[in-house]
Structure formats: structure tokens, C-alpha cells
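Features reported for this protein in Swiss-Prot:
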ACT_SITE  Asp128  active site
BINDING   Leu75, Cys76, His77, Met113, Glu114  substrate binding site
Amino acid sequence: MPHLTHFDTAGQAHMVDVGDKAVTHRVAVATGLIHMLPTTFALVRDGTAKKGDVLGIARIAAIQGAKRTSDLIPLCHPLALTKVAVDFELDEADRTVRCTVRAETHGQTGVEMEALTAVQVGLLTIYDMCKAVDRGMVIGDVRLMEKRGGKSGEWVAQ
């Protein structure tokens with residue numbers, strides 16, 4: 001039976017020791033979306049929101065979120081990220097904006113949490129910048145899509 005690595009035998013939380021792990025190229029891709037009203041979607045799509053370039057600011061916020069992950073997630077190791085790429089895909093029919101983040105490092109632990117945090121921060125920034133016109137936006141479907149590197153190798157969502 002698998003065990004939770006962030007707890008010792010007494011059930012106390014601790015930061016996992018990654019000191020003996022090999023330095024490898026680590027990659028993680030995460031995604032999520034935000035659903036909004038048609039009028040809100042048009043503001044985002046057209047770049048006419050009162051607060052400015054929603055997607056441009058959300059992109060910077062997502063990158064910053066990846067960089068600050070270890071400050072937000074208590075047992076997450078600080079990483080020297082080598083790449084954070086943020087992509088937004090607009091779906092007019094569903095009135096959604098999908099945020100996809102690819103994070104990379106060369107290190108001893110994976111970048112899944114950085115990619116997931118970046119997606120959430122990017123989507124929260126869209127919410128923040130548009131909440132004056134649409135408080136009913138829904139953030140959802142946030143998930144890890146793939147990870148590569150390290151002892152556990154490659155994993156791709158089904």
C-alpha cells in the first residue's frame with residue numbers, strides 16, 4: 001500500500017528529504033478553466049476590461065504563482081525553475097478561458113505543484129480583474145495533465 005511521504009511514522013508532517021535523488025530534467029503541465037457570462041467573455045477576448053489587459057496580467061500572475069509556490073504550499077521545496085510557459089485558450093461557445101501552464105526545472109523533485117499553482121493564480125487573476133461585472137464566474141477542471149522526469153518517469157492524464 002502506498003504511503004504519504006510528507007508524514008513520519010508518528011504521523012507528523014515533515015518536508016521530504018530529496019538530497020539523495022538524482023538531478024534530472026523535470027516537466028509538468030497543468031490546466032484549468034474559468035467559465036463566465038457572454039459579456040464578460042467579450043471583455044476578456046477584446047481586451048476592453050476596465051482594469052486593462054486581463055490575459056496579459058493573468059499570464060504574469062501565473063508565472064509569479066509558479067515562482068512563489070513554496071511560499072504558499074508549506075511542505076513544497078523551493079525550486080530553481082528554468083521555464084514557465086502560460087497559454088490561454090478562449091472558447092466562445094462555452095464562454096471559457098482555459099489556462100495551461102508548462103513548468104520545467106533541472107532538479108531533485110518535480111514541478112507539478114508549480115504548474116498547478118500557476119494555473120490557479122492565473123485563473124484567480126482573471127476572476128479578480130472581471131469580478132466587478134461577473135461575480136458568478138466559476139473556476140474548475142484544474143488538473144495535472146502530464147509530468148516527466150525523476151524516478152517515477154512519465155505520467156500522462158487519461
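All residue numbers here begin at 1 and follow the chain in the order shown.
Backbone N, Cα and C atoms are what each Cβ position is placed from, and that goes for glycine too.
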* Asked: Which residue, out of the binding-site residues Leu75, Cys76, Met113, shows the minimum number of other Cβ atoms inside 10 Å of its Cβ in this structure?
  -> Leu75
* Asked: In angstrom units, rounded to an integer, how far apart are the Cα atoms of Leu75 (substrate binding site) and Asp128 (active site)?
  -> 27
* Coarse DSSP state, helix versus strand versus coil, of Glu114 (substrate binding site) -> helix
* Asked: For Glu114 (substrate binding site), what is the tally of other C-beta atoms lying within 10 angstroms of its C-beta?
  -> 27
* Distance between Glu114 (substrate binding site) and the residue listed as 'active site' at the Cα atoms, whole Å? -> 21
* Determine, from DSSP, whether Cys76 (substrate binding site) sits in helix, strand or coil. => coil
